[in-house]
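Taken straight from Swiss-Prot:
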type	residues	note
BINDING	LYS4, HIS33	1,2-diacyl-sn-glycero-3-phosphate 2 binding site
BINDING	LYS36, ARG39	1,2-diacyl-sn-glycero-3-phosphate 1 binding site
DISULFID	CYS3-CYS47	disulfide bond
DISULFID	CYS14-CYS34	disulfide bond
DISULFID	CYS20-CYS41	disulfide bond
DISULFID	CYS24-CYS43	disulfide bond
SITE	ILE15	site 'Required for formation of double helix'
SITE	ILE37	site 'Required for formation of double helix'
Amino acid sequence: KDCKRESNTFPGICITKPPCRKACIREKFTDGHCSKILRRCLCTKPC
């Protein structure tokens, strides 16, 4: 199961995955993606 949390460091609107993923990895998560509706950067890691 993956735990999901909004990135604390990603600025602005999330349009492409790579910069979001990079921010998430810096925050000790394993991956990150953009939310479809609100365009937020969401970080994921195994719980």
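Keep in mind that glycine also has a Cβ here, set from the backbone N, Cα and C atoms.
On a predicted model such as this, the values are computed, not experimentally measured, just so you know.
Shown here: features listed in Swiss-Prot, placed on the structure.
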residue	record	DSSP class
CYS3	disulfide bond	strand
CYS14	disulfide bond	coil
CYS20	disulfide bond	helix
HIS33	1,2-diacyl-sn-glycero-3-phosphate 2 binding site	strand
CYS43	disulfide bond	strand
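Looking at ARG39 (1,2-diacyl-sn-glycero-3-phosphate 1 binding site) and CYS3 (disulfide bond), their Cα atoms lie 18 Å from each other. Look at the binding-site residues LYS4, HIS33, LYS36, ARG39 and count other Cβ atoms within 10 Å of each Cβ; LYS36 has the fewest. Among the recorded positions ILE15, CYS43, CYS47, the ones whose Cα sits within 10 Å of the Cα of HIS33 (1,2-diacyl-sn-glycero-3-phosphate 2 binding site) are ILE15, CYS43. Between the disulfide-bonded residues CYS20, CYS47, the minimum number of other C-beta atoms within 10 Å of a residue's C-beta occurs at CYS47. For CYS41 (disulfide bond) paired with CYS24 (disulfide bond), the C-alpha to C-alpha distance reads 8 Å.
Nearest to CYS14 (disulfide bond) in space, judged by Cα atoms and limited to the recorded positions CYS3, LYS4, CYS24, LYS36, CYS47, is LYS36. Considering only the recorded positions ILE15, CYS24, ILE37, CYS43, the residue whose Cα is spatially closest to the Cα of CYS3 (disulfide bond) is CYS43. For the recorded positions listed here (CYS3, ILE15, CYS34, ILE37), the lowest count of other CB atoms within 10 A around the CB belongs to ILE37. Counting only same-chain residues six or more apart in sequence, the Cβ atoms lying under 8 angstroms from the Cβ of CYS43 (disulfide bond) belong to LYS4, ARG5, GLU6, SER7, CYS20, ALA23, CYS24, GLU27, PHE29, ASP31, GLY32. Counting in whole angstrom, ILE37 (site 'Required for formation of double helix') lies 11 from ILE15 (site 'Required for formation of double helix') by their C-alpha atoms.
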